[in-house]
Amino acid sequence: MKKGIAASKGYAIGTVFLQEHEEIVITDQKVTDVAAEKEALQKSLDASRAQLEKIKEKAAAEMGEEKAAVFEAHITLLDDPEFTGAMAMEIESNSINAMKAVDNVTNMFVSIFESMEDAYMRERAADIKDVSKRIIANLAGKSADAFAITEANTVVVAHDLTPSDTAQLDRSKVVGFITNIGGRTSHAAIMARTLEIPAVLGLGDITSAVKTGDKIIVDGITGDVIINPSEDVIAEYEAKKEKFKEEQEELKKLIDVKTTTKSGKRVEVCGNIGQPEDVLGVIANGGDGVGLFRTEFLYMDRDNAPTEEEQYESYKFVLEKMEGKQVVIRTLDIGGDKTLPYLPLPEEMNPFLGYRAIRLCLDRKEIFKVQLRALLRASVYGNLCVMFPMISGLEEFQNAKAVVEECKAELRAEGKEYSDSIQWGIMVEIPAAAVYADELAKHVDFFSIGTNDLIQYTLAADRMSEKVSYLYNPMHPAVLRLIKMTIDGAHKHGKWVGMCGEMAGDEAAIPTLVEYGLDEFSMSATSILNAKKIILDQE
């Protein structure tokens, strides 16, 4: 038995298809005809774009526009001068062949993303690798899509599955997949959950342990993988598979159910989103609203900041889709491990404790005000809540609200409408804000607890560090005490409290959080129904 990361729930019993990409050898060979090499690169980019357009169409038809958006991002990457423009510059400056230029630039970008602390951002290196692999394959005259699955009940085994690999899986034949690398936030994991295909990732060297034709069981609940199981084990897992299927059908019945504890307390179960289209997944899974819209993703993968109009359209789209349900939008949370090419930040010894989030926005008001104006204008289309990240004390919140008032005055002078019923709150992710919650609650409309950073700052443990990640414990008594202090401090003044960190969707933590009186849970869309079920069973 092998153990990996359970990335998509369910059980798969099938036959191995071992994915083996043809290795393309990249040499350091210099070229004399630089123009011809640049032309070859451009032809490869054009071919890659055409292929990705087809994949996007297939993904949209089978998984919906929300998940197909990743391929729009891949297409955009092909037009990014910071990325593909740098490849052409590599050819011209160093007289190297196109494949080597693509490889050099890719390695540089992958290195930057893989060094980021944020798991979501680190996994975006997979997008860059995926696009690069396609460009190189087209340069070499090879296929970037290496699937030829003809048998039913197939389990795909691969070193890694790129977004385009996953999108092209034949759902009528593929019942599960496992990989050497990857985690719960990788695109492969996200798409597996969308397709409702069991998946276990991060198995180390599973590709060396199996061969095409082997029987295999994939346990997407525990992360176990069983190679060539006995008939008794197969029968055991067939029973588990049937029971899981029945449970999933029961969960779907909760889509339109209001989540109330047995004692009658109403609890909101909402979804986290990073792009406007993600709201469709929240709706499909019966979310009570959006508990976190990470707006920094609107600023990424581009050469300049989004305009007021672009942001306005994004916020309006989400608010209209939610049809009056609450939408909590977090203002720009950049800095730390999230950087923008057009917004140079100072080098700091510890960027996670430095110039980031609200600290940056209050210093760069010209950026902050563009976002606030867009939010204010969009507010007339729904039930908007705005929260400021990385607040450590009252003065920061008051300074942020002062900028809001400036924007309101400007909009009034321009004759532009905004709602007077917007709620203004803060992220509680710094221990100081939790300790001071009862005072802060007098001035804010709500709190949203960002547990990822709160736990990290409280325990002084980087959850991404292999050496100290064992210290990162959401259920540590000190962390729980800070959460309870935040909830009690808010309720004392009649304010509500949400939670948008990973802990909100943690099955083991949900009962404790309900007991503490948490009013709103916000998580990935695919976790909503299961959270509803657990909350409905609480007193």
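Note that Cβ sites are derived from N, Cα and C of the backbone, with glycine treated the same way.
Remember, TrEMBL labels are computer predictions, not curated facts.
Residues or ranges marked as active site, proton donor in TrEMBL: C500. Cβ neighbours within 10 Å of C500 (active site, proton donor), excluding its own Cβ and spanning all shown chains: 29.
What TrEMBL records for R294, R330, N452, D453, R463 is phosphoenolpyruvate binding site. Under DSSP, R330 (phosphoenolpyruvate binding site) is assigned to a strand (E or B) in the three-state scheme. The C-beta environment of R330 (phosphoenolpyruvate binding site), restricted to residues of the same chain at least 6 apart in sequence and closer than 8 Å, consists of L292, F293, R294, T295, V386, M387, F388, P389, M427, S448.
For the recorded site, E429 (Mg(2+) binding site), the DSSP three-state label reads coil. Around E429 (Mg(2+) binding site), the C-beta neighbours below 8 angstroms that are at least 6 residues distant in the chain are P389, M390, I449, G450, T451, N452, D453, L454, Y457, G501. If you look up TrEMBL, you'll see E429, D453 marked as Mg(2+) binding site.
TrEMBL lists 3-124 with the feature domain 'Phosphotransferase system enzyme I N-terminal'.
Positions annotated as domain 'PEP-utilising enzyme mobile' by TrEMBL: 152-223.
The average pLDDT computed for the domain 'PEP-utilising enzyme mobile' (152-223) is 86. Across the domain 'Phosphotransferase system enzyme I N-terminal' (3-124), DSSP helix (H, G, I), strand (E, B) and coil residues number 77 helix, 15 strand, 30 coil. Neighbour density at the Cβ, taken as the number of other Cβ atoms within 10 Å, is lowest among the binding-site residues N452, D453 for N452.
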